[in-house]
Amino acid sequence: MRKCQEEIINALGVNAQIDPEAEIDKRVQFLCDFLQTTNMKTLVLGISGGQDSTLAGRLSQLAVEKLRKETGNADYQFIAVRLPYGEQADESDAMSAINDFIKPDKMMRVNIKAATDAMVNSLTAAGAVISDFNKGNIKARERMIVQYAIAGQNGGAVVGTDHAAEAVTGFYTKFGDGGADITPLAGLDKRQGKTLLKSLNAPAKLYDKTPTADLEEDKPMRPDEEALGVRYEEIDDFLEGRAVSTEAAEKIESWYRRTQHKRHLPIAPYDTWWK
Ligand SMILES: Nc1ncnc2c1ncn2[C@@H]1O[C@H](COP(=O)(O)OP(=O)(O)OC[C@H]2O[C@@H]([n+]3cccc(C(=O)O)c3)[C@H](O)[C@@H]2O)[C@@H](O)[C@H]1O
Ligand SMILES: Nc1ncnc2c1ncn2[C@@H]1O[C@H](COP(=O)(O)OP(=O)(O)OP(=O)(O)O)[C@@H](O)[C@H]1O
Ligand SMILES: [Mg+2]
């Protein structure tokens, strides 16, 4: 195995083999332990209609149901949040994830278009030029603001959907979808997430779907793999310690190096990791 590959696997805590049932139990229990230790009662997560939030949402709902049953305290709750920018192309998938699978205690909908456009207009009026790509990151950060507002009002925590196949490339917005309190999918790669969804009897259309950030208006529903220049199959093989083409390995390692700053707290004078 490549030396850098081994370092990444260890840093991100990936296991090549997983037992789906045991993983589900472990990750639900992790959420339960977190809520009990912090004395919080509410989990909050944006549900996009994509694979990651479908899985993290269902695990969150299972955790609060378990705690309600075990403690007799009815206050534990999961709030799923729909956060479209205007009209969302795969709105029906998002609603199917919520109604047919996650079945959250509560669902809220906040359209982030007005806030996003107002921010872009204010920046433009101040003389800034905001590209479509940069506006995409503003959308991700508006979603973060909404989730923290709901968590703040409910004494709750924001669930993040980061996992190993995303962390390795840093393919998320810093302090946007990367901003969260707890990440129950950490250490899983994309196909392992899919396996957990199958095990939980999720509708196949939700995990067979092409992963997309869907942040850019110039490139609607652009597949992550197109933006990254490497396939999830290759990223997952790499993370499971398998051999991948040199080209794929070098791309993955390059993304990893370039996005190192996203996997750390802001750089302080005593930090040395960034040098
Ligand atoms: N070396 C360094 N040390 C410390 N900080 C550094 C830095 N380099 C950049 N930065 C900071 O980081 C910022 C760039 O990071 P960031 O703002 O995240 O922006 P960036 O990484 O350029 O873009 C985010 C990427 O993630 C994708 N994304 C976003 C959200 C969700 C999903 C999804 O899959 O759903 C995907 C999105 O499509 C885009 O390709 C810079 O503006 C700078 O402030
Ligand atoms: N339209 C949206 N409504 C609600 N939440 C959203 C929306 N778009 C993104 N998010 C939040 O941002 C997170 C990051 O998006 P990302 O695309 O990585 O995950 P996903 O959509 O759940 O899965 P996939 O990677 O398979 O598309 C989502 O998991 C979700 O919590
Ligand atoms: Mg998505």
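Glycine residues also receive a Cβ, built from the backbone N, Cα and C atoms like all the rest.
Small disclaimer: the values here were computed from a predicted structure and weren't measured.
The domain 'NAD/GMP synthase' annotation in TrEMBL covers 24-266.
Sequence annotations record features per position, and here TrEMBL assigns ATP binding site to GLY46, ILE47, SER48, GLY49, GLY50, GLN51, ASP52, SER53, THR161, LYS190, THR212. According to its DSSP assignment, GLY46 (ATP binding site) is in a strand.
Neighbour list (GLU166 (Mg(2+) binding site), Cβ cut-off 8 Å, at least 6 residues apart, same chain): ASP52, TYR172. According to its DSSP assignment, GLU166 (Mg(2+) binding site) is helical. Marked as Mg(2+) binding site by TrEMBL: ASP52, GLU166.
Cβ neighbour count for LYS174 (deamido-NAD(+) binding site): 16 (other Cβ atoms within 10 Å of its Cβ, all protein chains included). Summarising the annotation, TrEMBL assigns deamido-NAD(+) binding site to ARG141, LYS174, ASP181, HIS261, LYS262.
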Measure from the Cβ of ASP181 (deamido-NAD(+) binding site) and count the other Cβ atoms within 10 Å, all protein chains considered.
17
These are the binding-site residues: ARG141, LYS262. Which one scores highest on other Cβ atoms within 10 Å?
ARG141
Over all shown protein chains, what is the count of other CB atoms within 10 A of the CB belonging to GLY50 (ATP binding site)?
22
DSSP-derived structure type at HIS261 (deamido-NAD(+) binding site), helix or strand or else coil:
helix
